[in-house]
Amino acid sequence: AFGLKEADITAALEACKAADSFNHKAFFAKVGMSAKSAGDVKKAFEIIDEDKSGFIEEEELKLFLQNFKAGARALTDAETKIFLKAGDADGDGKIGIDEFAALVKA
């Protein structure tokens with residue numbers, strides 16, 4: 001997925017397997033997304049933005065891990081809200097492409 005190594009994805013998912021253990025910074029670093037080009041980050045955004053609205057909404061964030069591996073757990077409500085708050089720089093309740101890119105590189 002996203003041109004990432006399968007072993008890195010597996011390790012990153014394993015590290016946040018327990019409920020409420022997801023940390024976006026640690027996850028992006030572990031899967032190798034932090035080092036990806038702007039083009040690759042945009043491709044990832046477009047996949048996560050399932051309804052193609054140009055934004056990643058709360059419901060799409062909740063299923064974030066499943067974009068990396070089918071059958072991965074959904075994020076808890078608490079994790080989803082923390083993730084959304086971290087990425088939603090303008091406070092509109094959703095994450096745009098620029099906000100997502102900043103979140104990945106943070």
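Cβ coordinates come from backbone N, Cα and C, glycine included.
Among the features that Swiss-Prot reports, N-acetylalanine is placed at Ala1, with the record citing experimental evidence.
The domain 'EF-hand 1' feature in Swiss-Prot is assigned to 36-71. Per-residue confidence over the domain 'EF-hand 1' (36-71) averages out at a pLDDT of 96.
Residues or ranges marked as Ca(2+) 1 binding site by Swiss-Prot: Asp49, Asp51, Ser53, Phe55, Glu57, Glu60. Around Asp49 (Ca(2+) 1 binding site), taking its Cβ as the centre, 19 other Cβ atoms fall within 10 Å, counting all chains.
Proximity of distant same-chain residues to the domain 'EF-hand 2' (75-106), defined by a Cβ-Cβ separation under 8 Å and at least 6 residues beyond the stretch ends, is recorded for 19-20, 22, 24-25, 28, 33-34, 36, 38, 41-42, 44-45, 48, 53-58, 61-65. Summarising the annotation, Swiss-Prot assigns domain 'EF-hand 2' to 75-106 and lists sequence analysis as the type of evidence.
With a cut-off of 8 Å between CB atoms and residues at least 6 apart in sequence, the same chain places Gly87, Asp88, Ala89, Asp90 near Glu99 (Ca(2+) 2 binding site), listed in sequence order. The Ca(2+) 2 binding site annotation in Swiss-Prot covers Asp88, Asp90, Asp92, Lys94, Glu99.
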Could you tell me how many residues in the domain 'EF-hand 2' (75-106) are helical, how many are strand and how many are coil under DSSP? 20 helix, 1 strand, 11 coil
The correct three-state DSSP answer for Asp49 (Ca(2+) 1 binding site) is coil
Among the binding-site residues Asp51, Glu57, Glu60, which residue has its Cβ surrounded by the fewest other Cβ atoms within 10 Å? Asp51
Within 10 Å of each Cβ, count the other Cβ atoms and name the one among the binding-site residues Asp88, Asp90, Asp92 with the highest count. Asp88
Note on Ca(2+) 1: the CB centroid of Asp49, Asp51, Ser53, Phe55, Glu57, Glu60 has further same-chain residues inside 8 Å, namely Glu50, Lys52, Gly54, Ile56, Glu59, Lys94
